[in-house]
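A short write-up of the structure that comes next.
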Amino acid sequence: MSKQRIYEYAKELNLKSKEIIDELKSMNIEVSNHMQALEDDQIKALDKKFKKEQKNDNKQSTQNNHQKSNNQNQNKGQQKDNKKNQQQNNKGNKGNKKNNRNNKKNNKNNKPQNQPAAPKEIPSKVTYQEGITVGEFADKLNVESSEIIKKLFLLGIVANINQSLNQETIELIADDYGVEVEEEVVINEEDLSIYFEDEKDDPEAIERPAVVTIMGHVDHGKTTLLDSIRHTKVTAGEAGGITQHIGAYQIENDGKKITFLDTPGHAAFTTMRARGAQVTDITILVVAADDGVMPQTIEAINHAKEAEVPIIVAVNKIDKPTSNPDRVMQELTEYGLIPEDWGGETIFVPLSALSGDGIDDLLEMIGLVAEVQELKANPKNRAVGTVIEAELDKSRGPSASLLVQNGTLNVGDAIVVGNTYGRIRAMVNDLGQRIKTAGPSTPVEITGINDVPQAGDRFVVFSDEKQARRIGESRHEASIIQQRQESKNVSLDNLFEQMKQGEMKDLNVIIKGDVQGSVEALAASLMKIDVEGVNVRIIHTAVGAINESDVTLANASNGIIIGFNVRPDSGAKRAAEAENVDMRLHRVIYNVIEEIESAMKGLLDPEFEEQVIGQAEVRQTFKVSKVGTIAGCYVTEGKITRNAGVRIIRDGIVQYEGELDTLKRFKDDAKEVAKGYECGITIENYNDLKEGDVIEAFEMVEIKR
C-alpha cells in the first residue's frame, strides 16, 4: 500500500497543505514540500490534532443549529401576537413619520467613525526564498512596502516593490527590525543529484558488489586481463585489437560478485576513463612489466587519485623474458604508489593476463579492499545510477547501458535518464540474458527511453510516469536553452579571439559515430590538437550514419565530416560529391587524430586513396557445409569486382572489413558484376551475413604526388 502524501491528507481533512506542513515543523519533523510522504506515526499525531478540532467544530455547529431551530419556533408564535399590535401601532406610527425622518438625518451625522485596525505585530523570525522581492519581504515583516523602500534608500539602494533582494540586504533590513531571518532551502526535483545519497548510515543497507575499473596505457593488456578473468575473448573482435567502448561485466569469485568496467586505455578516451573513475570503487592500474610507466599510465593515476579511489597495481606480462617488475615499482613510487613490501600502502600483484598466473591473487586483493571499504546499498530504495554507454539501434530504438548504484531497477519502471525519459521496455544483463530486476552494482542494457542519453548521465526511477515525463521534458528544455546560451557565448568569445589573433583559421569538424562514448572521446582528442595558427572547432556531434543534413551543415560551414565506425547513406554520398564536401571514414581512432594533425601541420602526403566502386544488397542467404554462408546479392550501384576489398554495412554501421572469397554469376566464376545484375558472394573468414546487409566494394587507388 502506497504512503499518503501531505497534500492528500490535507485534502481529506479539507485543510491547506501549509497548515499540515506548519504543524509537522512544530513537531520537529523535517518537511521538504507538500509531495512528501507521511509515516504512520506522523498521521496518527496529525489525526489527534486536526480530527479532534474538527469534532469540536462539528459539535459547536450542531448546538448552534438546535438553538436556531428553537428560536425559529418561538418567533412563529410571537409573530402572530405581533400582527395585532402592529395593526394598532400603524395608526400612531403615521404621525411619527416626520419625526423619524428628522431623526435619521441627525443619526447620519452622529454615526461612530470606523477606528483604524491595530497594526500587525512584527514576527521574531521569518524565512525567505532566494530572489524574494521588496513587496514579498514587507508582507512577511507585516510592514508597508514603502517602509522597506525608504530603508533601502538610506542604505544607498534605489529599489521598487518588485526589486529582488540579496542575502546581505535582507539581513541588514531584518537586523533593523530586530528580526531573525533564515533562507529556505528549495528542493529542485529536476536536479537528479539530490536522489543520490550515501547509504552507509542506512540501517536497511546491505553489502553490494564492488565496481572495479581497469585502467592503464594502450596495449598493456587491460582487455586481455578482463578476458582472462571472464574466460572469454573480446580483444580479437575489436578494430586494431584495441577496446573502443566501455563494457561492463559481472563475475562471481568465492561467492561474491564483482562488477568490472573495461575502460579503454588510449589517451583519446580520457573522458570515458574519467567517467569510469566516477562510478568505480576500486581501480586496477595495469602496467606492463616490460614497458613500465607510460603517459596514459600517469593519466590513469591522476584520474583515480582525483576520484579518491583505492588503486591496486597489476604488473602484467611477467612471463616475458624482458620483464622487470622491480623497475615498474620504482617508477610508480615517483607518483605516490609505494608497494606494501617497501613500507607503503599500495597493493602490487604480479601476473600474466595471457597465461592466467596471478589472476586469483588479484581477485583476492579486490575482495579484501572491498571488505575494508564497507560498500553498501539499499535494494528497497528507488533505483539510481549512471549511464555507461548509449546508442541508437535502428530496430530497438534508443538504448543505454546503465550501472545501478542504489535501489532495484525493474522492467516497467518510469525512468529519467539525463535529459530524456521513458518506461523500461526490456532489460538485458552482461551475458545477453533478458532479466526483470537488477540490484545495486549490476550493469544492464535497457530500451524504452525516447532519446539517446549522454554517456555519464545519471538516471533516477520515479513511481509516477507523469512525474518522470514532466521532469524529463523540463530537463530537455533546460538543456536546449543552455546549449543556445553556450553557443552564443562561444561565438562572442571566438570573435574576440579572432580579433586578437588577426587571421585565425578554424577547422570546422562534424563527428558521427556508432556510440556516444566514441563520439565524446574523439571530440575531446581533436580539441587537444595544438597547431599554431589553426584551431579545431567541433560544430556538431551525433550517433548514427552520416546523412544529407550533415553534408549540408559541412558545406555551409566549410567543414569536414569524420565518420567513426559509420558509413554515409546513399543520399549523403551524392550530396557530398555534388557539394565537394570532404568525408573521412575511420575505424581506429589513432588514424583519425594522426590524419587531422598531419593535415593541420601541412605534412599530410597520402600515397593511396580509397575509392568505392560499387554496392550490392544481400537479398537472400544460403548456408552450405564446408563453404560457409553464400549471399545472393543484387548490385545496386557501380560494380563488384573479384579482387576488390569489401566491407559489410548493417544499419549504417560497419560490421566487418575484409576480402571477397568468391564472386559468381549463376554457377560460373565472374571477374566483375555490373549494376542491375544478380550475383553470389562469399566473404573470406566471415559468415554472419544477413538479409538487408549492404556489401560495399572498394579499391585503393594511388595518388600522384
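Glycine residues also receive a Cβ, built from the backbone N, Cα and C atoms like all the rest.
If you look up Swiss-Prot, you'll see 216-223, 262-266, 316-319 marked as GTP binding site, on the strength of sequence analysis. The compositional bias 'Basic and acidic residues' annotation in Swiss-Prot covers 41-58. The compositional bias 'Low complexity' annotation in Swiss-Prot covers 59-77. According to Swiss-Prot, the feature domain 'tr-type G' maps to 207-376. Summarising the annotation, Swiss-Prot assigns region 'G2' to 241-245 and lists similarity to another entry as the type of evidence. Annotation comment: Swiss-Prot describes 262-265 as region 'G3'. The region 'G4' annotation in Swiss-Prot covers 316-319 and rests on similarity to another entry.
DSSP classifies LYS222 (GTP binding site) as helix under the three-state reduction.
For the recorded site, GLY216 (GTP binding site), the DSSP three-state label reads strand. Residues within less than 8 Å, Cβ to Cβ, of ILE318 (GTP binding site) and separated from it by at least 6 positions along the same chain comprise ALA289, PRO325, PRO350, LEU351, SER352, ASP357, GLY358. Within 10 Å of the C-beta of LYS222 (GTP binding site) we count 28 further C-beta atoms, all protein chains included. According to DSSP, the secondary structure content of the region 'G4' (316-319) in residues is 0 helix, 1 strand, 3 coil. Per-residue pLDDT, averaged over the region 'G4' (316-319), rounds to 92. Looking at GLY216, ASP219, the binding-site residues in this record, the fewest other C-beta atoms within 10 angstroms of the C-beta turn up around ASP219.
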